[in-house]
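Feature annotations, courtesy of TrEMBL:
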- 82-121: region 'Disordered' (REGION)
- 82-97: compositional bias 'Polar residues' (COMPBIAS)
- 109-119: compositional bias 'Low complexity' (COMPBIAS)
- 169-229: region 'Leucine repeat I (LRI)' (REGION)
- 248-313: region 'VHIID' (REGION)
- 279-283: motif 'VHIID' (MOTIF)
- 329-361: region 'Leucine repeat II (LRII)' (REGION)
- 467-541: region 'SAW' (REGION)
Amino acid sequence: MQTSQEHQSSSSFHGLYHQPIKQVEPYCYSSYQILNNNMCPDNGSQATHVSFQSYNEQYFTLDSSPATGCLAYDTPSAGSISSNITPFSPQGSQSYLSDPRHSSDNTYGSPDSGSSGVDDGSELKHMLRVLEFQLLGPESDVDDSCCSFKGAVDQAYSSTSSCQVMEKLDMKQLLISCAAALSDEDFPTAKRFMEVLESMVSVSGEPIQRLGAYMLEGLRARLYASGSLIYNKLKCKEPTSSELMSYMHVLYQICPYYKFAYNSANVVIWEAMANESRIHIIDFQIAQGSQWVSLIEVLGKRPGGPPYIRVTGVDDPQSIHARGGGLDLVGQRLSKVAASCGVPFEFHGAAISGCEVEVEYLRVQHGEALAVNFPYVLHHMPDESVTTRNHRDRLLRLVKSLSAKVVVLVEQESNTNTAPFLPRFKETFDYYSAMFESIDAARPRDDKQRISAEQHCVARDIVNMIACEGEERVERHELFGKWRSRLMMAGFTPCPLSSSVSIAVREVLKDYSKNYRVIERDGALHLGWKNRVMSTSSAWR
């Protein structure tokens with residue numbers, strides 16, 4: 001009898017993949033706009049196949065709260081540039097899917113900086129020093145007196161020579177050289193690089209040209225220490241709420257990154273709550289609440305009757321524009337779904353930033369099994385490198401005190417938190433090169449919806465990581481090894497993932513390019529594009 005019940009439950013999950021499209025509104029929020037200059041997997045092992053439907057409907061969750069302005073340089077004339085946070089944000093410290101010898105804990109070293117100057121010879125010397133760095137590495141011990149770069153500098157001091165050097169560089173070299181000039185505060189040279197890059201980037205071109213367009217805007221914002229110049233050049237007006245949701249819907253459909261987060265977390269929670277009669281889910285990035293639609297429906301079919309479900313949704317109050325209303329809309333939507341499934345349901349909205357969360361806001365009750373969800377959100381919490389309050393670790397300790405049955409963490413596999421500017425720039429380039437390539441595989445390059453989705457839903461992350469510092473830089477990703485250390489220091493222990501989790505994710509990936517891969521390593525599920533790890537999902541208690 002028990003075997004029969006298990007089979008029935010598993011079958012209900014399979015059926016979700018073939019249900020008709022549901023018209024649930026998508027979710028997004030304000031964005032950073034960019035000027036258009038040019039206008040898998042191996043088969044899983046035998047196991048109970050648990051699958052959650054990733055609807056082809058208009059809903060999704062990324063991040064929802066716009067960030068405050070960010071200062072590029074600490075100067076008396078510095079202004080601010082507005083940026084908005086999203087999930088998604090590589091690297092000399094790259095993560096690899098296929099080679100376990102590459103550690104996820106690698107970090108950048110600080111490269112040697114070239115000398116700065118304003119005369120033509122100094123500019124050329126700087127560019128050649130950048131090339132030396134790229135060819136020989138940051139710790140090159142080559143004696144400058146016998147280096148060919150030294151001789152070249154001695155022979156070339158003209159602006160013409162500088163331009164000739166620039167023309168021989170490819171897009172990546174130009175971007176990194178420009179960033180290196182900014183890092184050295186060699187602003188005249190940086191401007192020269194920007195002039196060359198201007199004619200090479202395009203939001204409707206190849207992946208590297210599109211990425212280059214947004215990274216160039218980030219470099220400009222950092223150079224001028226103000227967003228006013230960029231905003232004056234923008235041709236696109238601020239999107240309406242419905243337009244933003246439409247853009248995010250496009251991104252949700254053409255990339256599996258968010259479905260990876262939804263499905264892996266839902267399977268983990270479903271398995272952890274198998275025998276519980278009262279379930280409380282705390283979602284620290286509730287957005288539209290769309291992730292919980294399929295879980296509610298599956299729990300409604302549970303043999304023996306559905307459990308009582310309570311959802312606490314945390315979300316920044318500034319996301320009202322993106323959602324088209326307050327968190328009460330999320331509660332109403334999920335309540336209707338629960339009612340249609342015969343599931344007793346209660347929703348509590350906490351319209352506060354994760355930095356402001358205290359225990360009393362979460363309304364944890366005795367006798368309920370608790371699950372906590374961190375979907376692409378914890379990297380927005382400032383850590384000890386930003387403030388002595390260290391909200392990142394404080395929030396983890398707070399959640400640990402709740403004695404949750406399971407905690408799910410999904411984050412981008414990138415190292416942009418404490419890395420200095422130049423290594424962070426290279427990290428951003430490497431990570432988003434893979435992301436833009438993966439997007440390119442799903443939509444034509446001249447697809448206007450794809451262009452809008454990248455401009456409004458991806459570009460702002462890039463600009464924030466490049467142009468902002470201190471508290472204004474909210475895109476602060478860490479590699480899984482660092483997250484693991486933080487969680488264990490807070491008292492958590494890892495929960496092994498069942499094969500059902502990877503099977504569910506592989507089912508989702510069937511609708512996408514075969515270049516997407518998923519493997520389990522170090523107690524976490526890794527989603528990658530080719531050999532590049534893009535996101536990780538892990539469970540803790």
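Here the Cβ of each residue, glycine as well, is placed from N, Cα and C on the backbone.
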Interface-richest range of 169-229, 248-313, 329-361 toward the region 'SAW' (467-541), CB pairs under 8 Å: 248-313
Within-chain partners of the motif 'VHIID' (279-283) [C-beta distance under 8 Å, separation at least 6 from its ends]: 269, 273, 289, 291-292, 299, 307-314, 362, 364-365, 368-373, 375, 399, 402, 404
Overall pLDDT for the motif 'VHIID' (279-283), taken as the rounded mean: 98
